[in-house]
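Feature annotations, courtesy of Swiss-Prot:
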type	residues	note
MOD_RES	Ala2	N-acetylalanine
DOMAIN	39-74	domain 'EF-hand 1'
BINDING	Asp52, Asp54, Ser56, Tyr58, Glu60, Glu63	Ca(2+) 1 binding site
DOMAIN	78-109	domain 'EF-hand 2'
BINDING	Asp91, Asp93, Asp95, Lys97, Glu102	Ca(2+) 2 binding site
Amino acid sequence: MAFASVLKDAEITAALDGCKAAGSFDHKKFFKACGLSGKSADEVKKAFAIIDQDKSGYIEEEELKLFLQNFKAGARALSDAETKAFLKAGDSDGDGKIGVDEFAAMIKG
């Protein structure tokens, strides 16, 4: 499953262009730029399922590191600092991973 079913190519490209430089990823700006923050709960769940590569029901640190590559093959991996900041922002219960409800709250936040 690809994001084409949820997001527009132009929005994905704009969002990725905004965080090409190492250390420049900001999840709030990215979710807004790609249009995910304005999507329905069902569409957000679809996005979560795409990012949850191992289908564990959670997005773990390794999946976050490769987050941008879900949107476009060849996109850069997040740095360790970006990955940890992203995880901290979304992991509201402190279990070291992001569940679907935490993901939805982070997108709408």
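Cβ from N, Cα, C; glycine included.
Neighbours of Asp52 (Ca(2+) 1 binding site), defined as other CB atoms within 10 A of its CB across all chains, total 20.
Annotation for Glu60 (Ca(2+) 1 binding site): spatial neighbours Asp54, Gly96, Lys97, Ile98, criterion Cβ-Cβ under 8 Å with sequence separation of six or more.
Reduced to three states, the DSSP call for Ser56 (Ca(2+) 1 binding site) is coil. Cβ contacts within 10 Å of Glu102 (Ca(2+) 2 binding site), excluding its own Cβ and spanning all protein chains shown: 19.
Among the recorded positions listed (Ala2, Ser56, Tyr58, Glu63), Tyr58 has its Cα nearest to the Cα of Asp95 (Ca(2+) 2 binding site). According to DSSP, Glu102 (Ca(2+) 2 binding site) sits within a helical segment. The domain 'EF-hand 2' (78-109): residue composition by secondary structure is 20 helix, 2 strand, 10 coil, according to DSSP.
Cα to Cα, Asp93 (Ca(2+) 2 binding site) and Tyr58 (Ca(2+) 1 binding site) are separated by 13 Å. For Asp91 (Ca(2+) 2 binding site), the count of additional Cβ atoms within 10 Å of its Cβ stands at 19 [all protein chains shown].
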